[in-house]
Every structure is written in structure tokens, then in C-alpha cells.
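The following features are taken from TrEMBL:
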- A:25-44: transmembrane segment (TRANSMEM)
- A:64-88: transmembrane segment (TRANSMEM)
- A:95-114: transmembrane segment (TRANSMEM)
- A:126-143: transmembrane segment (TRANSMEM)
- A:150-169: transmembrane segment (TRANSMEM)
- A:175-198: transmembrane segment (TRANSMEM)
- A:205-223: transmembrane segment (TRANSMEM)
- A:263-279: transmembrane segment (TRANSMEM)
- A:310-329: transmembrane segment (TRANSMEM)
- A:393-411: transmembrane segment (TRANSMEM)
Amino acid sequence: MSTATVEDLTEVAAPEPFWSRPRKLGTALILLGVVAAGVFGSLAPGEDARFTLSENAEGAALSIHGPFGAVLFGVLTVIAGGVMVAGLLKRRSNLLLVLGILTFVLSFLCWQVAGHFMPLVDTTEGTLQLALPLILGALAGVLGERSGVVNVAIEGQFLMGAFAGALVGTMATSVWAGLISAAVGGVLIAGILAVLSIRYLVDQTVVGMVLNLFALGITGFLYERLMQPDAQTYNQPPQLPEWRIPGLADIPVVGPVLFEANLLVWLALGLVLAIHFGLTRTRWGLRTRAVGEHPTAADTVGIRVRGLRYLNVLLGGVVAGIGGAYFTLVATGSFTKNMTAGAGFIALAALIFGRFTPFGAFGAALFFGFAQKLAFFLSAIESPLPSQFLNMLPYLATLVAVAGLVGRVRGPAASGQPYIKS
Amino acid sequence: MAERRLALQRPPGSITELREIPLKLELRGITKRFGDLVANDHIDITVEPGEVHALLGENGAGKSTLMNQLYGLLQPDEGQIVVNGEPLVFKSPRDAISAGIGMVHQHFMLVPVFTVAENIALGAEETRGGPLGWLDRRRSRRDVIDTSKKYGLPVDPDALIEDLPVGAQQRVEIVKALTREVDLLILDEPTAVLTPQETEELLTVMRSLTDMGKSIVFITHKLKEVKAIADRITVVRRGKIVGTASPDTSEDELAALMVGRAVSLEVQKGPAEPGDPILKIDGLVVDDDRGVRAVDGVDLEARAGEVLGIAGVQGNGQTELVEAVMGLRAARAGAVRLDGADLVGLSTKKILGSGVGYVPEDRSHDGVVKEFSVAENLILDMYDRAPFGNPIRIDGSKVGSNATERIEQFDIRCQSPATPVGTLSGGNQQKVVVAREMSRPLRLFIASQPTRGVDVGSIEFIHNRIIHERDQGTAVLVVSSELDEVVGLADRIAVMYRGRILAIVSPDTPREEIGLLMAGITGATAEGEK
């Protein structure tokens, strides 16, 4: 004996298990691709699938023979999966995953759109619009979670924001007053969440759920008693205007989506960037993350843990409240009972699927927005596929994410734990 | 002593930015109460500039409470903190830091997912302005490197804390305090998590810091280290100062001061009379929670009437090894035999039933149910069988009489058998666990970190019980990261490193050699295996 040295031993690292994460995901992609090529390819009607740049069937379009496209993209999915299983391009495995899912979706579209047409601008615009509240809601969640407070009350903040926006917007006949009140509505719910969970140490998930029910109850009650009898005085808010930026708006596809839009689009995109850089590059962000990961450590260098948590939860309330304004000041012209219909929970799903980061949440929200838009589109072309399947997607995706299939989702370490000074 | 250090404090040309007035700290009549409990009772301490002042006391004596007041985490009910003649009030650590006082906590105050530089900057960030404070990362990095060079404490500013070994994390903590230009550093049980070599290094660092005029308050219960480094020693017991001593005081005297009565630090034991092998482990392979190999082919044999000690720095697979033996964790390969019968795959309940006693390393988590009474905790694994009950009911009077007997026998200090275990001191909680596990006829007794967080008086008692169990003919397996404990108890010592047994040595082996083995270095002199 006595020959083993440190150097020898360090090389005895644990062998990587054969079924690594890329291998599992790659196998799943191969299966998906086979389904796409086989099932979608054989079911697709033998006509062209047209993706048009204009609003109707005419004009410039990308078109592809339906069955050919379905098989082609299915095969590409299989290839992406194969590369992952073979262990090639290990550093790019997330990119391969995205490519695999994208080609699978395209194969699906070739099947469904064959014999019809899909207007690209409308689809993109619809995706972004439907994703707007999800982006804002998920960002509100990011603000809370990263400082250690779980916010499952996004749904309640949406409802309160939507209601307050409609009510004040109508009474003041000003969309801006409505927008500000929506933010105040969100802050109201956030404030109760903050006080109960930070000051009184109540379980944050339970408080969040109770607040959702509270918001549903109170807005429903006021809607029936106040808004319904006299909608003209209380429930006809002005709508957010669309602004057009000359020049930029003429760019094909991107122009009409991004530069002929309402304020919320720019606000949401701006907030994604602001919160990302705020969290990673500023003193506020460093302290917020420290408080969310290891509050005692933050306390011992003189950071006010509770104060920072209050600040971030309330900021989250502002963002989620504005997200709620989308429902009454942009999407529809009035408030109705439970009009958010679970959007707050999809925002929560986007937050988790996006791994508690602003960019991740943004991507997930867009993905879920696309699923919703696709569901509308499919029912419009009278596809035999029930649109409910697509509406399930956010929840399914969250299950997949939470189960750890898309890499370990590691939230902030102290998330959900009240800070008690000892 | 202090004067000598002051003379030494400026080695020519080394330090230029030293503060003009070195820090002199006085605590005057500090008193802190928690309800009825007086945690600190009129404490007076003076720390001179450039000295290492050791605060010696058992767990729960009130050392950390005192230091938390000095660091602004708690506020004293009475008394004054006086720095250089000026009474100050610390409302938060920020105040303490600006008065020149820094603290390295026993549980490191570092964010695991941050880099070293981010952790050091936190709370005192360099920014380039802006409403949210745009971070100046380059300046933060440079500050870390400067401080690290200035004090000879190598740290990599870009490494993530969670990737660093414990010793390096501690250096980060010290650098973190030093970048805040503190003149007095509180070190709370700094050596609890270090290997003997890392401890040596830390003591050297402490020396060089005091040579530069910094003063250090060194909180510990380890007598050897106190004698090696301290200029002055203050002993605390039950919230009161019971004496001051110089480093020349003998260990026995210090221990007696600390505990309040004479204690024997050496484990009293006769020679072992090893019998037949009882536990045989062959080629055991175990993974940890993350699926990483933690135990990598371990062969061990524990014989009747013998204590087999497993030494090693924490996190080298000891936990997983014991858990696999107890059926708490699945073995990937290998066999564990008790008197020839394979234990792999059996439930923990069956394993306990076949004559194994087990003291888990995390007492409050796995050893006791804190909310349950002492009496209930004493029968936690025997509630469903005679004489305490059957699968349907529990016989309360038997449970009570058993408790009275064990409390007497194991000297468990509690108000009554109905007292919740969570309110007892660490030492008494551990005695409850040991009493329970020794109340059945045993073939094998496994104790993981048997005296962690246990006061000196109880350590002596628990050690004696373990030796007593050995002398009854039980095979004993002791796992401890405290080398002193393993050396004192064991008849043979297996040193574990990265999931393997590097060597099996006799307890007479020089400590330096065992220390090197714990660090994974096997020299030509380490013989004895195979």
C-alpha cells in the first residue's frame, strides 16, 4: 500500500451515468420526431400549407407541401434528438432542445395548415399580445421569488388590476388613470401578501391562495352590485391607444408587431431588460439575490432583509397590476367576473419554466402565448383537434420543468422562508 | 503580553495603511436576558490591541450571545460597549463594522451561489452610481485581490462559494471582514470544521494578523488551540465569567474552570480484548443524494469488544457509509454482514431489531423528536413491543418507569420525564439518544459524531458509556470528525478519504500522520493496512 496519492484519487471521479440529461431529452425528441414524421405526415392532407405575410390567403407566402413538410420537420426533430443521444455538441444541448421542439411544432403546423393558410403577422402579434399579461405576471413573480417571497397571488393581482383599471378608467374617463389604478390594485394585494408573510410569518403559499380567492370574491361582488347594473358609468373604460413609430413600423412582420403597438408591449419588453440587468448588475439586484438566497448572511453585512423584501413584493404588485390592466384596457373593453381565468397561474408556470430568471420567464411566456394563439387558430380553421389540448400545454410544461427534465430548476434557496432574526 | 505585540505590530515596510489608533475594546457589565434565562450576566472583558483573547466555554455558556451583541446582531439589556474609551451603541452589524469590529461566524455567512468577490462586496458594494447602484465589478475584484495579497490569504475572486472547500470559505470570510478595515476580528468556533493542518494554517494567519496590530476574539471550547494561540483567556460558564487565565494554565485546570468541576479529558479505558468479527463490510459502494459516488469500495471489519474509529474530514463518505449500514440509504454494490447475515436490503427497523444500536450524526433531525417528551423519546423504536406496548396501544406506566430509570442511569438533566426533549441542552439530548440505543441487548453499536455540540461534562459521560459497551463484548463503530475523539476512543482507526479507507492505523500513530491521511496524503510511513 502507501502508493496512492492525492493525484491518483482525484481521478476516480464518479462515472457519469449513461442516462444523462441530454440522453433522456434526446430520446424523448427522437420519439416525438417519429410521431411527427409518421402520424402527422400520414394524416396531413396532400395540399400545400401556406404561411402568408398578409392578412388573407393572397400575396407573398411561404408554402410547403403538407405531408412533405410534416415528414421533413419530423425527421429534423429526430436528428436533433439523435445528436443529443450521441453525445455530440454537449455544450449546445439547450440549443438542440429548442431546435427539436421548434421542428416538432413546424411539423405539427404543416399537418394542420395543409389546405389552409396561416397569416404570420397575425400569429406573431397574437402571440405577443396573449403573452403580455403572462410576461408581466411572471416578472412580478421573479421580483418576489428572488428576494425570498413566493408569490402565488399573481392571479389575484391580475383580477384586482383589471377591476381597478376598468372602474377608475371609466369613472375618470382616462385610460392613464385606469392604468395607474390597476397598479394600485396590484399593490393592494401585494401589500397584504407582504405584511402577512414578512411581518406575521404566515405560510406564503397559503396566503397567496387565500388572496386569489379574496380578489375573486370582492371583484365578483362589486361587479354584480356596481358594474352590471350601470355599465355605462362604471364599466366602459377607454382603451390604450396604439402608437405607430413611422419608418420602423414598415419593416415586414416585426414592424407591425413591435412598432405599431400599445404602451404595454414596450413596457413589458423594457421591464424584461430592466429587471434582468437590475438583478445581475446593480447593488439593488445583488442585495435582492442575497436576501433570497441567504438572508442571514445579508443581515450580518448590514442589509435590511425585511425592508428589501417589502420593496420587491410591492414592486411586483405594481408590475402584476399593470399586467391585469391588459385584460380590461387592451384585450376587452370591460370587466367581467373571473375574466383572468387562470392566467395568473400560467404566469406562475412561466416563472418556474423560465427558472426564475427574467429572460427565461419571457421565453416561457411567449411559448405559452403561442400555444394559446394556436388554439384560437385551430378552432378557427375547424381543426378536428380539440383546442383544450393546447390550453393544457402550460401546465404540462410546468410539470415537465418541475420534474427536472429540463435541467434542475433551482429556485432561490430561501424562497418561501420567512426571515426571523435570532 | 499586549505591549510585546504592539512593538511587533509594524514589520518594516509591510503595512502602510494601518490605522493610527489601534482598537481597544471594553465590555462593561453586559447583561442579556431571554425570558427567565440570563444568557449573559454582567460580563466585563477588555481586549487589548494586538492580542488574541480567547473566550472559552461550553456550548450554551453564552459566548455566541455575547459576541452577537458586540457585532450588533443583538442589543444588550444592560451594560456598555466601549471602543477606545468611547461608549458606543450598535443597532446593526453596520454600526459594529464602522467601529472597526468584524466577525467570522461559525456557520459561514456566505451566499453559496455567489462568487467570492460578490460575497465580499455584498453590503459594501463599489458602484458607479445610478438609481439602483450600477456595480463596479472590476473595483470589487481588485479590492479582494489587494486585501488577499496584503494579509497573505489567497482567495480566487471569481470562484463560486459552493465549489470551495471549507477552509477556503473560511479564508473568504476573513478577507470579507478585512476588506471592511476592521481592527478587531471575532472568530466564532473557527476550527470546528477544519482538518488539523487547516487549523495550523489558521493559527498562523491569526498570529500574523495580531502582528499587524489587529486584535482577535477567539471563541472556542478546544483547550489545545487556546493554549497554542491565546494571549489571554476568559472562561465563561452559564452566562458568567468564572475566571481569567494565562496560556500557561494546564488543560485540566482550564477544563475544570469551564465545567465547574474536575473532569478527565483522557478517555479512561483498559486494553481491548477483541473477539470474533461481528460486522463485516465488503466492497460497499454507496451514492450520495446527488447520485455522486460517496463510498467507493469500502472493506471494514468490526470485532466484538473493540472500538473501530473512522476518522476523516466531514463529507468524505462517512455519513453515507453509516446510512448504508443502517439501511437508511441504498447500497449500489457490496455486502454488509452482521454475524454472517446480510443486512443489505433489510429495513432499518429490522436492522435495529437484530441488535444494532445507532446514534445518528444529526441529533435534532434524526435522533430525537424535539416536541416529544423525554419518556417518549426513550422508547421511540420500541413503542410497539413488550414491555412498552403492543401494535395497538402503549403502556404509559411502563414508559414512565423506564424513563425514570434511564434518567437516573444516564444522568439526564431534565425537569421531569414529561419535559419536551427540544428544551434540553445538546448534551442531555444526546444522553437521551445514547440511553435509548443502549437499552437493548446489542451486538453492534454505531455512533456518528457522538459528542457534536455536547458539553465537556457530558462528553466524558458518553465516552465512558461507549467504552463500557465495548467491555460488554459489543462491537463499536465510532465515526467522528474530531480527531481527538477518535484517537481517544478507538482501538483501531480507519482513515476515510473520498469514499475510501486510506489506511487502518493504531491510535498511537502520530497525529500529524493521521492528519495527513485525512488530507489524502499517504506517506511511506503510514503502514499497517493489509
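Including glycine, each Cβ sits where the backbone N, Cα and C put it.
TrEMBL labels come from automatic prediction, so no person has curated them.
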Feature contact check the transmembrane segment (A:126-143) with the transmembrane segment (A:263-279), CB under 8 Å, 3 or more pairs: yes
Folded-back contacts onto the transmembrane segment (A:175-198), same chain, C-beta under 8 angstroms, at least six residues removed: 140, 149-151, 153, 156-158, 160-169, 204, 207-208, 211, 214-215, 237-241, 263, 306, 309-310, 313-314, 316-325, 328-329, 418-419
Long-range environment of the transmembrane segment (A:205-223) - Cβ separation under 8 angstroms, sequence gap at least 6: 150-153, 155-157, 159-160, 162-163, 167, 189, 192-193, 196-197, 235, 335-338, 344, 416
Contacting positions for the transmembrane segment (A:310-329) when only residues 6+ beyond its ends and CB under 8 Å are counted: 132-137, 139-144, 146-147, 149, 151, 154, 157-166, 169, 175, 178-179, 182-191, 193-194, 198, 237-240, 264, 267, 271, 288, 335, 339-340, 343-344, 347
